[in-house]
Structure formats: C-alpha cells, structure tokens
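Trainee: Quick one: the structure is below, questions incoming.
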Amino acid sequence: MAKRTAPLLLLTLAVGLAGGSQGDREPVYRDCVLRCEERNCSGDALKHFRSRQPIYMSLAGWTCRDDCKYECMWFTVGLYLQEGHRVPQFHGKWPFSRFLFIQEPASAVASLLNGLASLVMLCRYRASVPASSPMYHTCMAFAWVSLNAWFWSTVFHTRDTDLTEKMDYFCASAVILHSVYLCCVRTVGLQHPSVASAFGALLLLLLTGHISYLSLVHFDYGYNMMANVAIGLVNLAWWLVWCLRNRQRLPHTRRCMVVVVLLQGLSLLELLDFPPLFWVLDAHAIWHISTIPVHTLFFRFLEDDSLYLLKESGAMFKLD
C-alpha cells in the first residue's frame, strides 16, 4: 500500500540524520578527502583519473571527488575497527561496499524487485479486470504511481545524488497520498464522486506544497518523515477501519487487513539500525526485501474487490 509507512519512533532517527554523521565529521576523514582531491582531482592527475575510470562509472556520474570520499570512508572505517570502535555512519548512511557503479547493491536490487512485483501485478490486474469496473482507472493510476516510486527508489540506491534523493522521497510521498485517495474513492467516492474529486484535489495541493517547501525553502528530513508518517497512519487507519466493518460481507478484505498489519509490523525493521552485514545488507535493505510479497497481496485484494464491484454494478443494472 504505502511505500514508506513507518512508526512515529522513526522521527528521532530522521532528525538525527539531518545534521551529518560521526564519520564525515572526523578530522581524519576530512583531511583524507582534502589530500586525495589535491593529489588526484586537478590538472594532469584528473586527466589520468578520467582516462582509467571505467565508462560505466563515468556514465553513472561518479566523479574524482566521489571516489575520494569513498576511499577515505573505508580508510576511516578501518581505523575505527582497529581501535575497537563501532562502525560510524557517513553523511547519514552506513558504509556500503560498492558493486560496479551501484552504491547500495542490496537496497537497489530489492527496490528493483519491488518494482517488478508491482509491474507483474499491474499486468495481471489489467488482464483480469475489465475497464468497466468502477475502481479500474483509480487502481491502474495507483499501480503506475507505485511503479514510478520503485523506479526512483532503485535509481536513488544505485546512485545517491541530490536529484535522485529528492525524486525518491517525493515519489514515496505521492504513493502514500495516492493510497489515501484510493481508499477515499473505494469507501466514499463510489457513492459520492464529487467528494472524492474534491478530496483528490486537496491531496494534490498538499503534495504540491510539500514538494515546493522541500525544494524551494528547506529540505528538512525531520519534517518530511513527520509528514509521511502522519499521512501513512491516516491511510492505515482508514483502510483498517473499513476492512473491519466489511469483513463479513466482503471476505476478500482480509487480504487488505493483512497488508495493513504487515506494513506496520515490517516498518519496525527500520528501527534495527545496524552496520550492513558483509557491508551490503542493512535494516533498510531487509525492509525493502520484506515488502516484495506485500504488493502481491494488495493487488490481489484490488483485483478481487474490482471484480466484486463489477459484478455488483452489473446486478444493479439488471435490476434497473
């Protein structure tokens, strides 16, 4: 349902990331980066670096300065481990072992698999549900919004830049808001389309304001997390209440309830903040991996519910 719905306790983690991390504040790290740039990132040394840099690295946007940061990160980590200290974070992230040009291999692959799961279920929904179903177009729009979010999540975990970070965060917010809209259409909009239209316009206005503030005023990690958590909790509560009220009449709502509970439970994985296993697999990657089957469950619910609504609307048409 919502791509990044997390408990309120995560707010403290998000705020902590905004001010930098222990690793990148270390004088040894900063001095290492400075010396590396002076030695390798200007004049003939820079030309030599570019000539020996693999083409896939340059196409992915890896610069000499980026390579200096990467090498100095591992140099600093090595010193920490030698002295028996805990592995530090750098720029709000744990140190990850780069694979080819992929910055966070496990999270990137998991995001890609989530996207593929969404694509498979989108195709299945499209093949099994006629376009005449009352929820067809709303569900298809939600599927495309989700697919777009997982695309940018894959790009962001492959290469972390200001642009890819913003696109990942903004598209995640769009999924959460669209899930709320989907719930509104299903629970209210089928009987009162004007209410759903007005509510959709309000959500679009909220998303526009959210993106404008983060882009033009201040990219506040704490505020972004707070906004997503607040909307995510509204989303989960709305779906859960509706499912509980209709579970006897609509047995397929049980899948939706399972998704709601799973999302809330799996989000707790984000609290297990630990250095990546084998420098690849951290809690965030495990969370991404664990959400893959959730797409299947939720789209199965959407498919069953859309077919039920189609059957119900057909029966009403015959009665008329």
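Each position is counted from 1, following the chain as shown.
Cβ atoms here come from the backbone N, Cα and C positions, even for glycine.
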Trainee: Is it the case that Lys311 shares a side of the membrane with Ser197, at least as far as the topological domain names in Swiss-Prot go?
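Mentor: Yes, same side.
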Trainee: What is the number of other Cβ atoms found within 10 Å of the Cβ of Asn40 (N-linked glycosylation site)?
Mentor: 17
Trainee: Mean pLDDT, the topological domain 'Cytoplasmic' (300-320)?
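Mentor: Looking only at the topological domain 'Cytoplasmic' (300-320), pLDDT averages out to 76.
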Trainee: Please give the sequence-distant neighbours of the transmembrane segment (280-299): residues at least 6 beyond its ends with Cβ less than 8 Å from one of its Cβ atoms.
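Mentor: Distant contacts of the transmembrane segment (280-299): 1, 3, 94, 96-97, 99, 104-107, 110-111, 113-114, 117-118, 121-122, 124-125, 143, 146, 153, 255-256, 258-259, 262-263, 266-267, 269-274.
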Trainee: Which listed range (136-156, 199-219, 258-278) shows the maximal number of Cβ pairs under 8 Å with respect to the transmembrane segment (170-190)?
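Mentor: Looking at each of 136-156, 199-219, 258-278 in turn, the most contacts to the transmembrane segment (170-190) are made by 136-156.
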Trainee: Under 8 Å between C-beta atoms and at least six residues away from its ends: which parts of the chain pack against the topological domain 'Lumenal' (157-169)?
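Mentor: Distal contacts: 60-62, 93, 101-104, 107-108, 111, 149, 214-215, 219, 224.
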Trainee: Using DSSP, how many residues of the topological domain 'Cytoplasmic' (120-135) fall into helix, strand and coil, respectively?
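Mentor: Computed counts for the topological domain 'Cytoplasmic' (120-135) are 9 helix, 0 strand, 7 coil.
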Trainee: Can you tell me whether DSSP puts Asn40 (N-linked glycosylation site) in helix, strand or coil?
Mentor: helix
